[in-house]
Each structure stands twice: as C-alpha cells, then as structure tokens.
Amino acid sequence: AESLLYPDRMEALELVRLPRLSRVAVCGGTHGNELSGVYLVRELLKEKEQRTEKRRAEEELEEPASPLMLLSNPRAIQQCRRYVDTDMNRCFTHAALSGPLSDTAPYEAVRSRELNTVLGPKGSQRAVDLVCDLHNTTSNMGLCFIAYSDSDWICLHIFQHLQRQIPDIPMRFIHFDVSRKESYSLDSVGKHGFAMEIGPQPHGVVRSNVYTVMRAGVQHMLDWVHFFNSGTVFKGGFVDVFTMVKNIDYPRDSLTHNITAAIHPLLQDRDFCLLHPEDPLFQTFSGETLRYKGTEPLYPFFINECAYYEKGIALSLARKRRVMIPAIRVQTEEERQAREQHFTSEEE
C-alpha cells in the first residue's frame, strides 16, 4: 500500500521515517490470573501450528514472518495466580536484569532474565522491535495502552489505528513518566512496547466480551505492523495522553495499618471521569464521606484495582493533554543504509 491518509486529521509534523518492525512479540500471562491474554496467546499459538502443518502438507516450505508469541509466567499461569514469588512486571529494570542472582532468587526474577534473553537484551540493537504485553484489570478502564514514552510514534500510531478500527470501545493512552533505565515492565524490553490493559474483568476469570476486544486489538495491531512494513504512510494527528501524576492509598488505621474506607460509590467505576477537589473519594466503614483534597482536577484510573491492595494503591491520578504525532512511514533500504553510515561516521 502506498498511503493510508486520514483527511479528517490535520497534518502534524513533517514525515518521519522509522526502521522496519521485523520482530514483534505478543506476550500473555505476565500475571498468571489475567486470563484473556493467557487464552488468547494459547489460541494464537494453536492457530500458528495449524497453519504450519497445512503449509507442510502443501509442501510450502517458506514460512512467512509471524509474531513471536509467549506465555510469560508459566508457573503462575499453572496456579492461576498473579505471581509465584514476586510481581514479575516489576522485574525488568536494568538493575533487576543485571544485578547478581542468588540460588534463592524469586522465580519471577529468574524468569524475567530468561525473557530478556529471548526478547532483548533490553536497550540493545538485538532486542525485538515491538512488544505487546496483554493484561486485564478489575477496574472499569476499557482498553488502555500503557507506555513509558509520550513520543514513541510507533505506539501512538498503533493506538490511533485501534481507535479508528474499534470506535465503540473506550480507549485511552496512559503514559508512565519513567526513564527507560527505570522502566520495570516486560514491554520495556523491546525497542518499542506497550501493555494492552483491558477491563473490567475479575482475576482468575475470562469474559468472552473482554477476550473478544483483546483479540480484535491484537489483530488490528498486527495489521498495522503489516501496513507499516509494506510502506503505508500514516498521517499525523493528535492523541490524548493521560500522564500519571500520583497514586492515592486507602485511608488506614495508624496502628494496624488496615484500611478504614472503600472507594466512594459515586467514584466507583468512573475511571477517567474528571475528579475535582472536594468530590467524594472514600466512604469509611462507619459511613463517613472523605473528599478529594487535591488542588487541581485530575483523571482517576485503576480505581479499586484488586491487585493493587497489596501495593497500597486505591487509585491513580493523571493529567490529560493532547500530543501531536507526525506522519510516519517505514525507512527504505537506501535510507536505512544512509542512516547507518551517518551514525558510523559520528562514532568515528
């Protein structure tokens, strides 16, 4: 395809040429009880095997490029638990991947290094080009991309493409403003990466409607990669980005540290609805309303996420702003060679 231009969006910046996405990974089960990703990766692996067998039967030896599909935390998946020893989605900082590892290291610390070997090494030219890590949340968040950059044109364009292809599903792009060295989740191993977070869905449960949205999202993502690698030009435009500002914990007893309140009924399930100062925030177990004491309106998300009770997070708050993204297309071979020569000359 030569172009896929969107006339209803204004051009943002001049055309940016980006390297080909030759290696793409789709991962499920980083948290072993978030089942949409687990069952989707299993299904995609089964379909891939069926295609391979069909090609062998038809004596077509050449295997077209296909995404690498991984079940990230097999022990936690087997036990239908978030993790076995420690949260693996906090094990991918440079320090965690490069520090000494003892014989008694948590299983997830060992497994994260195995994944870094397969998908990375993180921060190297050998790392896969794109990682999509699949997650579920118990919060009412629709479909979210979570990334560490608000200027990764690849991830932002994929997100914009999904917005167009699945317009009836609420979608948001969440930005965690963390350096690449300190980025801690599996998707940070790739040159580009994001977590695809979909909810609400209880942990340890798979809901057909949530699974179906995830499958559609992954397929549209892979279609976009194919379009991009084929030379499609994607026009620039704007994307609303929610940058995380802070987390808020539940009120707690000063002696026992037990929580003393729950999310207020007027806030529950209202992820990404603007929270204003003095709006109801918590309701104590004795019935008192506790109000938001912030100085500015912010957007709540991960409201009452089940897995975050242990982390001391009742909800997260974000600022929203509009980010301009440029038109992009894949580099030609001549442009790639010229770029390599340019960097080689600079190094010399």
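Just so you know, glycine gets a Cβ as well, placed from its N, Cα and C.
Taken straight from TrEMBL:
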- 22-223: domain 'Succinylglutamate desuccinylase/Aspartoacylase catalytic' (DOMAIN)
- HIS31, GLU34, HIS135: Zn(2+) binding site (BINDING)
- GLU197: active site, proton donor/acceptor (ACT_SITE)
- 239-320: domain 'AstE/AspA barrel-sandwich hybrid' (DOMAIN)
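Excluding HIS31, GLU34, HIS135 themselves, the residues of that chain whose CB lies within 8 A of the CB mean position for the Zn(2+) site are, in sequence, GLY29, THR30, ASN33, GLY37, ARG82, ASN89, LEU134, ASN136, THR137, GLU197, HIS203. When Cβ atoms from all protein chains are considered, those within 10 Å of GLU34 (Zn(2+) binding site) total 28, not counting its own.
For the pair HIS31 (Zn(2+) binding site) and the residue listed as 'active site, proton donor/acceptor', the C-alpha distance works out to 12 angstrom.
In sequence order, THR30, HIS31, GLU34, GLY37, ALA195, MET196, GLU197, ILE198 are the residues near HIS135 (Zn(2+) binding site), counting only same-chain partners six or more apart with C-beta under 8 A. Within the model, the domain 'AstE/AspA barrel-sandwich hybrid' (239-320) carries an average pLDDT of 98.
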